[in-house]
Amino acid sequence: MKLGVIGGGAWGTALAQVAARGDRDVLLWARERDVVTSINRDHVNAAFLPGIALSPSIRATGSLGELSGCDALLVVAPAQHVRAVLAETAVGATPLVLCAKGIEAGTRLLVGEVAQGVHPRAPIAVLSGPTFAHEVAAGQPTAVTLACADAGLRSALADRLAGPGFRPYASDDVVGAEIGGAVKNVLAIACGVVEGAGLGLNARAALIARGFAEMTRFGVARGGRAETLGGLSGLGDLVLTCNSVNSRNFSLGLGLGRGRSAQALLADRRTVAEGAFTAPVLREAAAEAGVDMPVCAAVCDLLEGAPIDAVVGALLARPLKREAA
Ligand SMILES: NC(=O)C1=CN([C@@H]2O[C@H](COP(=O)(O)OP(=O)(O)OC[C@H]3O[C@@H](n4cnc5c(N)ncnc54)[C@H](O)[C@@H]3O)[C@@H](O)[C@H]2O)C=CC1
Ligand SMILES: O=C(CO)COP(=O)(O)O
């Protein structure tokens, strides 16, 4: 199975490295000319994944048309750009493996739903989990959820990607796998705020547990399964990104917690903090589904500039309730 990768950021490059193990050819589309040159000439992605020696069997291209010879495509553009990039790609019935974590603004669609709308004949899979790109690219042990409704395709993709340091777990819950990754980014911002504002480790643990309850409520309301949310793509990724400054979302929150504005923090960054884009659309989607998500709503307020003391005070002053509700 020849794999193509759409997106030459940190995660697309790390996944290309996984797919290239054993000197197998991988074609990676990158939007930036400097990234294409850097990968083809020096076998590094100096812009988005510095310090990692890439397999020479990864070839980069700036032309989406070249991907037409691939047997499956890993889609690793940021969530808000997936529609535009896929619209320019001839896909037909080639399987698409969605690897971005987010919800599309405006439509409130999950990335897999966007892809299905653009290419109705393409089978859809989702790859998600606790996966810092640098660690994956360096071959450090990592496990992911690989979700696909078609058991044959799921197992072919798992066999193609699995290796000593990369272990996919099979699931047929595509929606559940996507929602975990999208929601955890918003919760990671909240945990960064707690760290930046010095609110303590108890508060962070409370946010992880109550945030997980929100993620599960929303995921189940959207048709996912609670057990998927409790797996690698949900709880696993939540634990990772809520506890590390290596997370772009956590570090965005850290800056907010230290009193900087979201606008200033997001300006000029070349890397993506998906939670900043997901938070407002998640607030809308939760309201539409009739799901209470107070922590995620609080992150929206903070991104919009509300003072931390007021936001935290309002969260804690809500009426007391049963934990399981
Ligand atoms: N970095 C990581 O460790 C992981 C990232 N992800 C997800 O992968 C997705 C991609 O993130 P990264 O590879 O980390 O990106 P990145 O932050 O390393 O790089 C930014 C990417 O955005 C692309 N981009 C910017 N403007 C664009 C536009 N107008 N159209 C198309 N592409 C555009 C750039 O070409 C580049 O590939 C995100 O949804 C992220 O949540 C998932 C797992 C791990
Ligand atoms: O999704 C990720 C790890 O699983 C990467 O998290 P950040 O986008 O917050 O860096």
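Heads up, the Cβ atoms here are built off N, Cα and C, so glycines get one too.
No curator has checked TrEMBL annotations; they are predicted automatically.
It should be emphasised that the depicted structure is a prediction, and the values quoted were computed from it without experimental measurement.
Cβ contacts within 10 Å of Lys184 (active site, proton acceptor), excluding its own Cβ and spanning all protein chains shown: 34. Lys184 (active site, proton acceptor) falls within a helix when secondary structure is assigned with DSSP. Positions annotated as active site, proton acceptor by TrEMBL: Lys184.
Taken from TrEMBL, the feature NADPH binding site covers Trp11, Arg31, Lys101, Ala133, Arg248, Val272, Glu274. For the recorded site, Ala133 (NADPH binding site), the DSSP three-state label reads helix.
Look at TrEMBL and you will find Lys101, Gly129, Thr131, Lys184, Asp237, Ser247, Arg248, Asn249 tagged as sn-glycerol 3-phosphate binding site. Every protein chain considered, the tally of other Cβ atoms within 10 Å of the Cβ of Gly129 (sn-glycerol 3-phosphate binding site) stands at 23.
Summarised as a single figure, the pLDDT of the domain 'Glycerol-3-phosphate dehydrogenase NAD-dependent N-terminal' (3-151) averages 98. Summarising the annotation, TrEMBL assigns domain 'Glycerol-3-phosphate dehydrogenase NAD-dependent N-terminal' to 3-151.
Residues annotated as domain 'Glycerol-3-phosphate dehydrogenase NAD-dependent C-terminal' in TrEMBL: 173-305.
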Cβ neighbour count (within 10 Å, all chains shown) around Val272 (NADPH binding site): 24
Sn-glycerol 3-phosphate binding residues Lys101, Gly129, Thr131, Lys184, Asp237, Ser247, Arg248, Asn249: largest Cα-Cα distance, in Å and rounded to whole number: 15
Lys184 (active site, proton acceptor) versus binding-site residues Ala133, Asp237, Asn249 - nearest by Cα: Asp237
Helix, strand and coil counts within the domain 'Glycerol-3-phosphate dehydrogenase NAD-dependent N-terminal' (3-151) (DSSP): 49 helix, 35 strand, 65 coil
